[in-house]
């Protein structure tokens with residue numbers, strides 16, 4: 001006996017001993033690797049006595065949440081969380097302990113099943129044989145569902161007596177409308193039930209021939225359609241019957257609701273499917289009771305219906321308690337799969353892994369893009385891209401003496417975007433010019449040959465990017481935690497918001513509001529054209545032929561403003577500088593586009609439109625096309641007003657902006673030969689900027705919250721960005737890198753949600769429509785925008801500024817840094833119940849946020865000054881600051897506010913492993929000592 005050794009590990013022993021007896025029993029049931037059980041639709045019918053007749057009437061139903069038939073029987077209640085009394089659960093437990101349990105019954109019709117139930121009750125001595133026929137008569141009564149209008153309320157209505165034909169006709173129309181309405185509701189409800197669902201029926205009633213309850217729980221061996229037992233054509237798998245003496249209808253109804261609620265519970269439904277005997281069902285109820293939360297009766301109103309939560313706890317987490325496997329599972333690496341040792345050792349191993357990961361999905365990346373949602377995404381991102389191209393093209397033209405302009409911006413955007421979306425590792429990323437690159441271009445345009453030095457910088461940067469790809473430098477992304485991601489993405493979002501507001505304010509400066517206008521003095525406001533002096537010389541050579549013109553023959557008061565100035569006249573008067581309030585109209589277009597887009601984006605979760613319509617599809621379409629509808633609405637308003645607001649200007653000819661340059665840049669020209677080598681240094685700064693911008697954006701796009709299934713390709717993305725750097729440099733086109741805000745907007749426009757969710761259940765986020773088609777179409781449209789100029793010229797710029805503002809604000813959604821910033825303005829009692837606030841003291845949260853705000857302020861100052869040349873290095877410095885935070889904050893706090901750095905995570909796991917080994921060694925020593933004591937006793 002002293003030499004007997006345990007057959008299971010200490011960890012499993014401790015895990016098992018912590019489980020209750022009910023949980024221990026369920027562990028043996030649920031640990032088997034079986035197929036997932038079907039979803040259960042539960043219907044509860046109550047026995048009704050009307051005019052000496054009995055029938056079963058549907059009173060409630062469950063798919064996930066409870067729906068009751070409201071008083072009057074005309075409508076269903078809103079889906080709500082079932083609230084049960086604790087007493088009803090204990091009574092249900094007693095019913096299952098004392099009642100009849102039939103598991104895996106072979107039954108294919110309701111009369112046969114009823115006979116088997118009654119026979120079992122008679123054999124067990126639960127009922128007397130004399131009442132067999134009465135019980136059978138009751139259980140086989142007709143079932144009337146909510147979708148069917150009662151016969152006595154239609155055919156037997158007084159309106160059908162023939163006394164009043166008019167009233168009879170109205171009643172017929174009303175009845176027909178009621179039936180059609182019910183049928184439409186029924187069809188809509190059917191879409192909420194999964195195709196493989198099965199039914200459980202709960203029958204509750206009171207009769208006068210019983211002196212004690214008649215209880216039966218039946219599980220059929222195979223689901224069967226039992227006539228009109230269920231309101232929807234779903235086969236029945238479970239049947240629960242409770243008949244009892246008169247006087248306890250409310251108690252029976254609560255027991256039936258408790259049973260129905262249990263049947264739609266994820267855990268208990270699995271137990272019901274896999275139960276081997278009565279004790280397994282009792283264990284399922286006991287485990288349910290262990291998780292029940294009791295509300296004191298004096299602190300809430302039982303009549304209040306609890307709205308379904310927006311997010312439900314995972315059923316897998318509840319079931320994992322009964323598994324011997326560890327609960328914590330690693331999330332996996334960002335690359336979508338672990339790299340093998342052989343792949344890591346070969347040259348360009350990371351690039352090779354990315355190619356192997358993306359090739360199997362290449363064809364599906366195109367045909368999966370054929371969806372109506374893709375149309376709205378293309379229109380949205382296209383307008384964002386051309387606005388960005390025009391904005392940066394104009395700024396580049398000013399900064400580079402028109403060596404690069406709007407035409408080069410359009411061509412470069414189309415070329416780089418199409419190539420990247422066709423062959424890149426993450427086609428959901430959108431390439432664009434960025435602010436730091438624009439600042440870098442300004443610094444290059446000095447007394448040297450700009451295009452030539454730019455070409456060499458681009459070639460060196462391309463070479464450096466390829467070296468980073470070959471050495472698998474992209475693995476540095478594992479050190480980019482939430483701190484770095486949120487700092488960079490917040491900066492780009494604030495830049496978008498700031499630029500949109502600055503552009504809008506520039507319109508106010510260009511078209512100032514006429515503040516001096518006074519209605520009382522309107523008669524004194526006039527503007528006259530004054531003729532020039534005949535002896536005055538005209539500096540404009542184009543008007544030399546007008547010197548011999550007889551100005552006295554002109555009626556200067558009838559000339560327009562342009563004609564007056566062209567003939568050399570001058571405008572005199574108080575109203576000469578008057579411009580209609582274009583600034584105010586521009587602000588209406590700007591803010592109207594933004595606010596309407598925000599409202600329509602939320603329309604998917606609204607309650608508008610009648611239930612007869614296919615509301616979810618219609619609301620989803622409105623939400624998907626929110627930006628397009630907003631743009632078209634305010635373009636129409638602008639055309640209706642007829643004022644000359646600033647419009648989108650698109651090049652109409654395919655030629656370089658500067659006439660003295662071509663489409664190919666020669667590598668050798670006016671610059672000295674040593675500049676070809678010296679350009680390696682500024683190229684290093686460009687490479688750092690591109691690497692950090694590209695990889696941080698890729699990390700944000702590939703977050704696990706987006707549920708991407710096709711993996712990513714950090715090395716492949718950087719490879720193509722480097723190649724495109726060289727191509728664009730040779731063609732004299734702008735450099736392109738991942739655009740954070742537009743890429744996030746692309747992700748948001750392609751998010752998918754479940755359609756057949758249970759009534760009351762919020763649609764579940766399924767992931768993103770991963771494909772290449774939308775990106776390719778966006779950049780193809782950008783390339784052909786030159787030919788769309790006659791159409792695009794009607795779009796006011798304030799409308800596009802509103803789109804920019806929306807993109808900047810929308811990209812802040814879901815950023816924890818932004819939520820923590822708002823906590824500074826909230827009293828503690830009004831702060832949201834964030835998870836990190838439960839585990840980290842508020843002062844530590846504020847300190848962490850202040851560090852991020854400081855870093856953001858430093859980056860903002862740098863990018864706004866001539867010191868922007870070191871901006872790429874400062875982005876890299878965010879990772880250094882995050883490393884230093886390990887000295888200020890504990891790993892516990894950082895785990896909730898940020899992510900644990902890989903080396904810290906590894907060190908923490910090693911420390912935990914050592915502690916476990918010490919504990920295990922101590923336990924084994926105690927066990928050996930106890931063995932020695934036992935042997936001495938023997």
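For all residues, glycine too, the Cβ spot is worked out from N, Cα and C.
Looking at the domain 'Band 3 cytoplasmic' (39-151) alone, the prediction's average pLDDT is 86. Feature annotation from TrEMBL assigns domain 'Band 3 cytoplasmic' to 39-151 (among others).
Residues annotated as domain 'Band 3 cytoplasmic' in TrEMBL: 186-302 (among others).
Here TrEMBL flags 347-901 as domain 'Bicarbonate transporter-like transmembrane'.
TrEMBL lists 906-938 with the feature region 'Disordered'.
If one looks beyond the transmembrane segment (375-397) by at least 6 residues along the same chain, the residues whose Cβ comes under 8 Å of a Cβ in the stretch are 404-410, 413, 417, 430, 432-433, 438, 441, 499, 503, 624-625, 627-628, 631, 648-650, 657, 734, 739, 742, 745-746, 749-750, 774-775, 777-779, 781-782, 785, 792, 800, 803-804, 807. Here TrEMBL flags 375-397 (among others) as transmembrane segment.
Annotated transmembrane segment per TrEMBL: 409-433 (among others), in sequence order.
Under the heading transmembrane segment, TrEMBL lists 453-476 (among others).
Counting same-chain residues at least six beyond the ends of the transmembrane segment (488-511), those with a Cβ under 8 angstroms from any Cβ of the stretch are 391, 435, 579, 581-583, 586-587, 590, 646, 692-693, 696, 700, 740-741, 744, 797-798, 801-802, 804-805, 807-809, 811-812, 815, 817-818, 856, 859-860, 863, 875, 878. Per TrEMBL, transmembrane segment is recorded for 488-511 (among others).
According to TrEMBL, the feature transmembrane segment maps to 582-600 (among others).
Under 8 Å from some Cβ of the transmembrane segment (621-643) lie the Cβ atoms of residues 372-373, 375-377, 379-380, 383, 580, 582, 585, 588-589, 592-593, 596-597, 599-604, 749, 794-796, 799, 802-803, 806, all in the same chain and six or more residues away from its ends. Per TrEMBL, the feature transmembrane segment maps to 621-643 (among others).
For 672-692 (among others), the entry in TrEMBL reads transmembrane segment.
What TrEMBL records for 713-737 (among others) is transmembrane segment.
The transmembrane segment annotation in TrEMBL covers 773-792 (among others).
The transmembrane segment annotation in TrEMBL covers 799-818 (among others).
As annotated by TrEMBL, transmembrane segment applies to 850-881 (among others).
Packing against the transmembrane segment (713-737) from elsewhere in the chain are residues 334-335, 348, 350-351, 353-355, 357-358, 392-393, 396, 403-404, 408-409, 411-413, 415-417, 419-420, 423-426, 429, 431-434, 437, 441, 451, 454-455, 457-459, 461-466, 468-469, 472, 474, 477, 656, 661, 663-665, 686, 689-691, 693-695, 698: each is 6 or more residues past its ends and has a CB under 8 Å from a CB in it. Through the fold, the transmembrane segment (453-476) approaches residues 344, 347-351, 441, 444, 665, 667, 671, 675-676, 679-680, 682-684, 686-687, 690-691, 695, 714-715, 718-719, 721-723, 725-726, 728-730, 732, 735 of its own chain, all at least 6 residues removed from its boundaries and within a Cβ separation under 8 Å. Note on the transmembrane segment (773-792): residues 365-366, 368-370, 374, 377-378, 381-382, 385-386, 389, 407, 410-411, 413-418, 420-422, 427-428, 430, 648, 650-654, 746, 750 of its chain, located 6 or more positions outside it, place their CB under 8 angstroms from a CB of the stretch. The stretch with the most CB contacts under 8 Å to the transmembrane segment (799-818), chosen from 409-433, 582-600, 672-692, is 582-600.
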